[in-house]
Amino acid sequence: MASIALVNTALLAVLLAVPFLFDMFFAYQIGLYLIYGIAAQGIGYLWGRAGILPLGQAMFFGLSAYACAIILLHVDGLGLQILLLLCVLISAGLLALVIASLIFKGRADSGPFFSLITLALVMICEQVAGTATGVTGGFNGLSGFGTIAGLDQFGGFYYVIVLAVVLSTVALMVLDRLPAGLVSRAVADNEQRLQLLGFRTHIVKGAAFALAAVLAGLAGILFANHQGIVTPTSTGFLLSANLVIWTAVGGRYHVLGPLLGAVLIGYLSSELRDSFLYWEVLLACLFILVVLKAPGGLADLVSASLSRFLPAKTAIVRQSDNVPPTGFDGGAKAVRFDGVRVRAGRVRILNGVDYTTPDKGIVCIIGPNGAGKTSLLNSITGGLPVSGGSISLRGETIANRPPHMALRSGIGRKLQVPSVFQSLTVSENLSLAMLAGRAAPGDFFLPSALGWGSGQLDEMLSTRGFPLAETLDDPASALAQGHRQFLELAMTIAAEPPVLLLDEPCAGLSPDETHLMTRLVKRFQEQNDGLILLIEHDMSIVKSLSNQVMVLHQGEVLAQGTYEEISANPAVQNVYSGGTK
Ligand SMILES: Nc1ncnc2c1ncn2[C@@H]1O[C@H](COP(=O)(O)OP(=O)(O)OP(=O)(O)O)[C@@H](O)[C@H]1O
C-alpha cells in the first residue's frame, strides 16, 4: 500500500501544480482530458485486467452526461442534485450488469460478442440522442446549465476533476491488491480454470464491466459540468474509439496508463489536428504499432524505468488461522453413472456408461487412447453435455450443469494439460485456490484473504522435493511443464474437495517426480478420506495407487475390479496394452 500512497501523492502534486506552472486556461484544457482519462481507466480495468474489450463506453459517458444536464437544468438544491447524480452512477453500473448478464451468462469466451454488442449499443445511443429532440435537444444538444454548486468552469471546477482523478486512481490501485482484483486478472488469463475453482465467471466479468460503466458515468457527469453542453457526439462511436486508442497507447495494464494516454494523446490531438493535416493518420499508425509491438503501452516503458524508485511488491504471507472452512458435505461421495451417453455432432463418445464408484478410495480409469476417459470426467464437471442417462452424487443430478457448480458440489478437477493462471505468480495461483469454496462475497475485499493458507497446503509446500517452494513469486508461465502439474494439483486440493478428478497427473514427470506425485495423491486421499477418480496410462502407477480400476473401451465400461482382477481379465488383455514409465 505504500506504493499507492507514493504514486497518488505524486499525481496529486503534479495535477495541483498545473494551474501554477501554466495558467488556469491550460488547466481547464487539461481538465477535459483528465475527465476522458477517468473513462479510459475504466476501459483499462476491463480490457487490461478482465481481458474484455468494450467498444461502447461512450454510451455510459453520454447517458450520464445527458442525465447530469437534465438534473442541473431542472432540479434545485445541491443536496438533491448530488443524490440524483449518485443515482445516475448506480444506474450506469446496473445497466452494465444487465447487459453483461445477457452476454456472459452461460457462455465462456464471449469477448468478441461483447465488443460487437457494445459497439452496436453505442451506435444506437448516438442515433437516439440525435433524434429524441424533446429530451436531448437533438443535434444541438442540451446547454444553458451551470456547474454543480456554481463552481467556476475555468477555475474551481478543475480541483473537482483532480479530486475525481485521484479517487479513481486510488480505488483502482487498491482494487488491484484485493482478492476481487486478483479474480478479475484470473478471468482474463484462464476462465475455464476459474470456473473449475467454483467461480461464476459471468459475475466476475459483469462486475468489471459495471465498474468501468460507473467510471465512464462519473466522467460523463464531470464532462457536462466542464463543457456546459452535451451533444450526441458525447455518446457516440468516435469518442468510444478514441477512449480505446488512448487506453491502448497509454497502457491498459497500469492504472495510470489510460490517464497518461488520454491527456497526452488527447491533448496533442486537439492541438495538432488543425495544424498537422496527417495527425489522424499518425495516430492510427501509433495505435497499430502499440498493439503489435508494445501491448503494455507507454505506461510499461515508464514503469520499467520508475520501478526501482517504488517500494518492492510485498510477497504474500500465508497463515492458516481464522480461515473459513470449505463446508463441503462430509456424507457419501460415490458417483453414480446410469446409462450415460455423450455425443459431439455425429461422434458417439460415451455409449451408455453404467458404473457406481466406491464411496472412498482411489479409482483408476484406464483404457486405450480415445476410449472416452477424459470425456467421462468432462461429463461430470459440465465440459460436455450429456445427451442420455444421468450422473448423480448423493442422489443429486450433477450432469449438464455449468462448470462452476462442480466445485460447489465438492468436486475438484485437474485437467489433462496442466491448467493454471500463467500470468499470475505461483503464490497468486494458490491464493485463488484457497478462496475457492471458502470466500464469502465480503472476503473478496479483504486484503488478508489473499494470505489464506491451510495445514494441507503448508504440508504439501514443505514436502521434501516439492518443486514450488522456491518459486512462489515467479509467474506460473516461467514454470516447467512438470512443475505446473504440481501447481495445478496444489490448487485443486487447496479447496479440499471430497471428490477429486485427476486427469493424467503424472504425464510429463520424471520418475522421481512421478513418485512424489503418487505419494501426494495418496496422502491427500488418506487425509480427506475422499474419493479420487484418476486417469492413468502407466500400469505401474495404477498398481501402486488404485483401490479399484475401471476400464473404458469405445465409450463403455469394459471391466471393473481390483488391479489384480483387471490384469487377469482376458477381455481387458485383449484391448488394453499399458506401458510403464
Ligand atoms: N468435443 C468433442 N468433439 C468431437 N469429438 C470429441 C470431443 N471430445 C472428445 N471427442 C472424441 O471422443 C473420443 C474420446 O476422447 P477422450 O479424450 O475422452 O478419450 P481418452 O480416453 O481420454 O483418450 P486419451 O487417453 O488419448 O486422452 C475421441 O475420439 C475424441 O476425439
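Cβ atoms are placed via backbone N, Cα and C, with glycine included.
What TrEMBL records for this protein:
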{"type": "TRANSMEM", "residues": "27-48", "note": "transmembrane segment"}
{"type": "TRANSMEM", "residues": "55-75", "note": "transmembrane segment"}
{"type": "TRANSMEM", "residues": "81-104", "note": "transmembrane segment"}
{"type": "TRANSMEM", "residues": "116-136", "note": "transmembrane segment"}
{"type": "TRANSMEM", "residues": "156-175", "note": "transmembrane segment"}
{"type": "TRANSMEM", "residues": "203-223", "note": "transmembrane segment"}
{"type": "TRANSMEM", "residues": "243-265", "note": "transmembrane segment"}
{"type": "TRANSMEM", "residues": "277-298", "note": "transmembrane segment"}
{"type": "DOMAIN", "residues": "335-579", "note": "domain 'ABC transporter'"}
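Counting Cβ pairs closer than 8 Å to the transmembrane segment (55-75), the top stretch among 27-48, 116-136, 203-223, 243-265, 277-298 is 203-223. Tertiary neighbourhood of the transmembrane segment (243-265): same-chain residues 7, 11, 30, 33-34, 36-41, 43-45, 47-49, 53-55, 57-58, 61, 165, 169, 172-173, 176, 283, 286-287, 290-291, 295-300, 302-303, selected by CB-CB distance under 8 Å and a gap of 6+ residues from either end.
Counted over residue pairs separated by six or more positions, the transmembrane segment (156-175) shares at least 3 Cβ pairs under 8 angstroms with the transmembrane segment (203-223), which defines the two as touching. Within the chain carrying the transmembrane segment (81-104), a Cβ under 8 angstroms from the stretch's Cβ atoms is held by residues 60, 63-64, 67-68, 71-72, 75, 110, 113-114, 117-118, 121, 148, 201-202, 205-207, 209-214, 216-218, 221, all 6 or more beyond its ends.
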